[in-house]
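Okay, so here's the structure we're looking at.
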Amino acid sequence: FPMEKLMEQFLEQSAQAEENFYRVEEQRLQAEDRRREAEHARELHMLQMLAQVFSSGRPSSSSSSTPKPSPPARPPVISSTPPSQHTRGPPGHLKRPASQTDSFSQPPSTDPQALALPSVLERYYSLGSSSLGGMDDDIVSLVKSIVPPLTSKKHKGQDGRIGIIGGCKDYTGAPYFAAISALKVGGDLSHVFCTKDAATVIKSYSPELIVHPVLDSPNAVEEIEKWLPRLHGLVVGPGLGREDFLLKTAKEVIERSRARDIPIVIDADGLWLVTHQPAVIQGYQKGILTPNFMEFTRLFEALHHEPMNSSDHQRSVMQLSAAMGNLTLVLKGEQDLISDGSKVYSCSVEGSGRRCGGQGDLLCGSMGVMAHWAHAASTAGLIRGMNPSVVAAFGACSLTRQCNNQAFQRHGRSTTTSDMIQEIGPAFRKLFES
Ligand SMILES: NC(=O)C1=CN([C@@H]2O[C@H](COP(=O)(O)OP(=O)(O)OC[C@H]3O[C@@H](n4cnc5c(N)ncnc54)[C@H](O)[C@@H]3O)[C@@H](O)[C@H]2O)[C@@H](O)CC1
Ligand SMILES: Nc1ncnc2c1ncn2[C@@H]1O[C@H](COP(=O)(O)OP(=O)(O)OP(=O)(O)O)[C@@H](O)[C@H]1O
């Protein structure tokens, strides 16, 4: 049957052509990203040098009667520690006496560098929003330094193409909150990979999202993998549900994203998957887990095979992060505790008493973008001596809490996550751009 043969050949050729297209496209995007990153690094380096020249050349006389110009922003390089020492010592200018640091290192360390940063972070972030005007520039600069400058030379996509794996029949709000938050923080494109019956609903919430109804298709993994070369960050779990097929797809997508070195934030039902199969993300340095207390307890008990000591959260966070191969972990709560297994950082920016559903989705969506920024900044040598995943986690936690605070001031008890999303722009400016 020559007709059938012809058809077969045709199909084979078009599959081949499609594959070639994606390969070439992937190479093109990677080359473009490298070029833009190098350009970005050069620009920041120039700014740094200018700032240094400016601050060293500035007249020091305080008795001068003419008003002094305000100093430029602090240069973004945080430390001169070699990049191989991520997660170890803090930036030199953040050092402080070890005596003030005891409660944040588990077990207590004798290395003054290792002791210094957590307590500095704690000292500032415990101050709450009322003291935002008096922020400690050193600490805020950790997060500020990863925020890419907005310049007219940029093209769409460069500041973040983020993928959300989640959205099913029961949950359409969660992936929407995560994806729209990624855009509002400053990511350029947000892709949602959800089930067919969730797709139209999610699309109808916002024309800004790119929605792929593929999560329950038989070749879901391949459908999603096509997009991986274009993604800078992945958020797995918001509204994913717990059906076996969906969890299996999520697992394979995580594995393939790991192989491509893409930063991955895992939340909600994605954490259910990790609780049952920790190896899927264990030891991946670009992975971040964001459990609430319940999710944390489940994960802890699955890994340690014993009940958690709930009187010492800091120790538990350190233990679990270490057991996960020094993965960055955020235990959300009254204070957010962040650890990569070597230290615990506490974020206590003042929020409010209002705990509506979806705040965690805002957090993980914004963290997806910040993780991309932080790893790009680290690759460019702009943050050294500090784990980029921790910087991203810290930035996203502060931002979510600040949004909660601002939304509550306007809406009080009726505050919802949509109200918080409205506050992302002003909150971001207040924390990281003022
Ligand atoms: N609008 C939406 O579509 C939303 C969907 N969501 C999705 O809903 C699904 C299930 O999420 P759940 O968070 O309900 O997960 P679970 O079904 O595991 O429930 C966890 C339970 O723990 C409780 N809890 C949380 N923190 C606690 C604490 N500190 N102490 C004691 N109890 C605590 C919560 O009230 C919740 O009922 C996920 O896919 C999630 O993404 C949520 O993100 C909320 C918004
Ligand atoms: N008691 C609290 N005080 C202040 N902020 C809090 C408090 N609890 C949680 N948060 C903040 O709310 C954000 C989301 O945490 P939450 O515990 O609501 O997550 P979640 O339960 O996973 O959310 P979701 O409803 O999206 O599933 C975190 O960034 C955290 O900082």
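The backbone N, Cα and C atoms fix where each Cβ goes, glycine too.
What TrEMBL lists as coiled coil is 7-44.
The annotation region 'Disordered' is assigned in TrEMBL to 51-113.
Positions annotated as compositional bias 'Low complexity' by TrEMBL: 55-67.
Look at TrEMBL and you will find 98-112 tagged as compositional bias 'Polar residues'.
Residues annotated as domain 'YjeF C-terminal' in TrEMBL: 139-431. For the domain 'YjeF C-terminal' (139-431), the predicted model reports an average pLDDT of 96.
Around the Cβ of Glu295 ((6S)-NADPHX binding site), the same chain contributes Ala268, Leu271, Trp272, Thr275, each under 8 angstroms and 6 or more positions distant in sequence. Annotated (6S)-NADPHX binding site per TrEMBL: Gly239, Asn292, Phe293, Met294, Glu295, Phe296, Thr297, Arg298, Asp361, in sequence order.
Among the features that TrEMBL reports, ATP binding site is placed at 332-336, 351-360. The Cβ of Asp336 (ATP binding site) lies under 8 Å from the Cβ of Val330, Ser346, Cys347, Ser348, Cys397, Arg401, each on the same chain and at least six residues away in sequence.
Cys356 (ATP binding site) sits 15 Å from Gly239 ((6S)-NADPHX binding site), counting Cα to Cα. Screening the binding-site residues Gly239, Glu295, Ser352, Arg354, Gly360 for a C-beta under 6 A from any atom of ligand 2 leaves Gly360. Long-range neighbours of Gly358 (ATP binding site) (same chain, six or more residues apart, CB within less than 8 Å of its CB): Gly173, Ala174, Phe177, Thr416, Thr417. For ligand 1, the neighbouring binding-site residues among Phe293, Asp336, Ser352, Gly358, Asp361 are Phe293, Gly358, Asp361, by Cβ distance under 6 Å.
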